[in-house]
């Protein structure tokens, strides 16, 4: 299920538009995930008590976490599928420490595509969106494989 060179170029090119403003993109991704899938918010002790959109938008911790998530994802995407070195420690912490189900990775990946589509509509057409979805599916599948190796049934 690999991506073609052309698809990877689309992924890396759009990520180049996202990177200059990771805090804003990351914050929007986390907020939208919590709004669309409220059960995900319960996994975050720091964010459990943020009840309103204003509270979420004003949380520096939430913005920092969103930045951390997208920074890690950017490193993975830039590896164009050769991301084992980045995936291994991420799977370890997400399986053993945070206990994040793969389903939640599906949720956040779809939110990421939606946020990029809104913020960069002129540069993120259907073909680029499909390439990003394929890249994110590859990431999730590799995380799921690592989870299995670690004995986590997430």
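Keep in mind that glycine also has a Cβ here, set from the backbone N, Cα and C atoms.
Some features that Swiss-Prot has for this protein:
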type: DOMAIN; residues: 2-148; note: domain 'Globin'
type: BINDING; residues: 65; note: O2 binding site
type: BINDING; residues: 65; note: nitrite binding site
type: BINDING; residues: 94; note: heme b binding site
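Annotation: 94 carries the greatest number of neighbouring Cβ atoms among the binding-site residues 65, 94 [cut-off 10 Å, Cβ to Cβ].
Here the residue listed as 'heme b binding site' is positioned 14 angstrom away from residue 65 (O2 binding site), judged by their C-alpha atoms.
Each residue of the domain 'Globin' (2-148) gets a DSSP state, and the totals for helix, strand and coil are 116 helix, 0 strand, 31 coil. Taken together, the residues of the domain 'Globin' (2-148) have an average pLDDT of 95.
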